[in-house]
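Q: For reference, the structure I am asking about is given below.
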Amino acid sequence: MARARSSSSSSSGWRYCNPSYYLKRPKRLALLFIAFVCVSLVVWDRQTLVSEHEVEISKLNEEATKLRSLVEEYKSKHGDVVERHEDGDSSKKAALPVDPIDDERREKVKEAMLHAWSSYEKYAWGNDELQPQTRQGVNSFGGLGATLVDSLDTLYIMGLKEEFQRAREWVANTLDFDKDYEASVFETTIRVVGGLLSAYDLSEDKVFLEKARDIADRLLPAWNTPSGIPYNVINLARGNAHNPGWTGGNSILADSGTEQVEFIALSQRTGDPKYQQKVENVIAALNRTFPDDGLLPIYINPHSGTSSYSAITFGAMGDSFYEYLLKVWIQGNKTAAVRPYREMWERSMKGFLTLIRRTTPSSFTYICEKNGHSLTDKMDELACFAPGMLAMGSFGYGPEESQKFLSLAEELAWTCYNFYQSTPTKLAGENYFFHSGQDMSVGTSWNILRPETVESLFYLWRLTGNKTYKEWGWNIFQAFEKNSRVESGYVGLKDVNSGVKDNMMQSFFLAETLKYLYLLFSPSSVISLDEWVFNTEAHPIRIVPRNDPMNLVKPDEQQKPTIKLRNRKAGRSRPGDH
């Protein structure tokens with residue numbers, strides 16, 4: 001019986017495979033047909049999708065190959081540093097197509113850099129600076145290879161890979177800071193510490209970070225003062241610090257308040273907070289007695305931390321203190337942690353406005369110097385960094401204030417450009433005086449290849465998109481080519497009226513002047529202002545958001561600050577420098 005049931009069940013199952021079964025039952029035949037069509041449609045649709053997907057992938061691969069080819073071609077022409085286009089506060093203009101005129105001009109600037117660098121490499125390798133007329137090197141900064149270190153990031157940005165690599169090998173194998181030399185804390189910080197940190201941020205080669213930490217450690221004892229305001233000179237081998245005799249024992253504002261960008265960056269990259277603590281203690285000490293107008297005299301007592309009676313200026317010995325209040329805020333990505341810097345800067349800008357005057361008959365806007373309650377109608381070319389600073393800072397205000405400061409920046413840039421245009425050589429003198437009814441006249445008439453005006457033109461171009469600033473920059477570059485270029489490098493002028501040449505190629509010509517000119521004719525994505533902040537020697541430092549609060553000492557608090565850092569290049573025209 002069991003075997004019979006099994007046979008019957010098997011026959012019943014096979015009947016569904018017999019066509020006659022469905023011919024006798026049309027409804028079931030229809031259902032089977034519908035099922036077959038549905039399955040066929042699903043299979044066909046999936047095969048079509050797969051086929052289309054394969055075609056799309058093939059097209060995307062082709063496009064990616066083309067894009068990689070374009071990127072490599074772009075890098076070969078413009079260098080390796082390509083960042084995304086800035087779309088934040090630091091730039092309000094849309095991306096612009098590449099201009100063939102810009103390409104040509106950028107290549108001319110790159111050729112100028114190659115001429116300057118190859119001359120240094122041939123006649124002064126490893127020395128601080130080149131004397132082109134006599135074709136020999138000179139150690140202006142204790143034999144730290146100032147021009148070489150100052151030029152590292154310029155070489156990298158311009159895509160000069162072989163030159164950069166040779167310089168890197170010298171840094172790794174030869175650069176030695178154990179020297180019995182009385183070094184300027186300020187100059188060593190902005191040129192050497194800043195140059196090495198920038199090279200590290202660009203290349204990620206740790207040899208630069210290690211060297212930056214070595215020299216910074218040798219500078220740190222300068223902050224061991226009762227107030228935390230640093231001494232401005234230190235022996236690199238022994239660590240003995242003091243101030244120059246000609247300051248009457250005082251520290252200089254710019255030399256003491258311009259190391260924040262470099263030392264904060266060093267703490268961020270090494271994880272050691274001591275560098276940042278030293279330099280921020282300086283700002284804390286100054287903030288204790290920070291005046292309502294935010295303007296500080298150029299001399300500070302390192303024992304009491306208070307200002308000594310002296311001039312107030314945005315030129316030599318004062319300039320970069322104000323610059324760094326703004327740039328530390330930018331460096332920290334404008335977070336609440338660095339808001340106190342911005343607040344101090346805005347207070348200083350209220351005082352800055354009281355120094356602004358205009359000439360007759362041409363209405364050139366200029367920045368006065370202040371002694372006590374009286375103003376002097378004199379402006380250093382060094383103060384021509386201010387238009388760029390104002391343009392950057394204007395984006396932190398509301399619409400009305402922002403436009404006011406941006407317009408002031410543009411007015412001052414016009415004045416600085418005319419510092420150049422008003423001389424027979426079309427190169428600016430060191431400073432200018434202003435007289436009623438006579439506009440301006442050059443005072444100290446030398447030109448030492450300074451970068452401040454082209455620095456401001458670079459910022460104004462990036463932030464406004466106005467091509468006029470490119471034309472001004474090109475005219476200045478042509479004046480350097482005509483008057484300062486010699487067979488073995490570039491030299492300054494002893495007199496911008498006669499064109500008589502000196503015998504020094506300043507390291508900042510390669511670090512700053514040529515770099516800013518190169519970037520002036522480069523796409524805005526090359527060293528994006530949303531990704532980088534320039535130290536006062538034009539070394540780009542990568543922006544890193546800060547969330548650690550800065551504890552500024554309030555005026556009514558009796559907390560004693562520890563130690564801090566220094567400033568910009570305000571002290572470059574001091575007695576005995578030239």
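Cβ from N, Cα, C; glycine included.
Unlike curated entries, TrEMBL annotations are predicted automatically.
As the structure is a computational prediction, the values presented were derived from the model and not from experiment.
When I checked TrEMBL for this same protein, it listed these features:
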COILED    50-77  coiled coil
ACT_SITE  Glu187  active site, proton donor
ACT_SITE  Asp319  active site
ACT_SITE  Glu430  active site, proton donor
ACT_SITE  Glu452  active site
BINDING   Thr536  Ca(2+) binding site
REGION    547-578  region 'Disordered'
COMPBIAS  563-572  compositional bias 'Basic residues'
Q: Would you pick out, from the active-site residues Glu187, Asp319, Glu430, Glu452, the residue whose Cβ has the largest number of other Cβ atoms within 10 Å?
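A: Of the active-site residues Glu187, Asp319, Glu430, Glu452, the highest Cβ count within 10 Å belongs to Asp319.
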Q: Over the coiled coil (50-77), work out the mean pLDDT and round it to an integer.
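A: Average per-residue pLDDT within the coiled coil (50-77): 61.
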Q: Compare the C-alpha of Glu430 (active site, proton donor) with the C-alpha of each of the recorded positions Glu187, Asp319, Glu452, Thr536, and give the closest one.
A: Glu452
Q: If we check Cα distances from Glu187 (active site, proton donor), which of the recorded positions Asp319, Glu452, Thr536 wins as closest?
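A: Nearest listed residue in space: Thr536.
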Q: Quick check for the class: what is the C-alpha distance, in angstrom and rounded, between Thr536 (Ca(2+) binding site) and Glu452 (active site)?
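A: Cα-Cα distance, Thr536 (Ca(2+) binding site) to Glu452 (active site): 10 Å.
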Q: How long is the line from the C-alpha of Glu452 (active site) to the C-alpha of Asp319 (active site), rounded to the nearest angstrom?
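A: Cα to Cα, Glu452 (active site) and Asp319 (active site) are separated by 11 Å.
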Q: Using all protein chains in view, find how many other C-beta atoms are within 10 Å of the C-beta of Thr536 (Ca(2+) binding site).
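A: For Thr536 (Ca(2+) binding site), the 10 Å Cβ neighbour count is 30.
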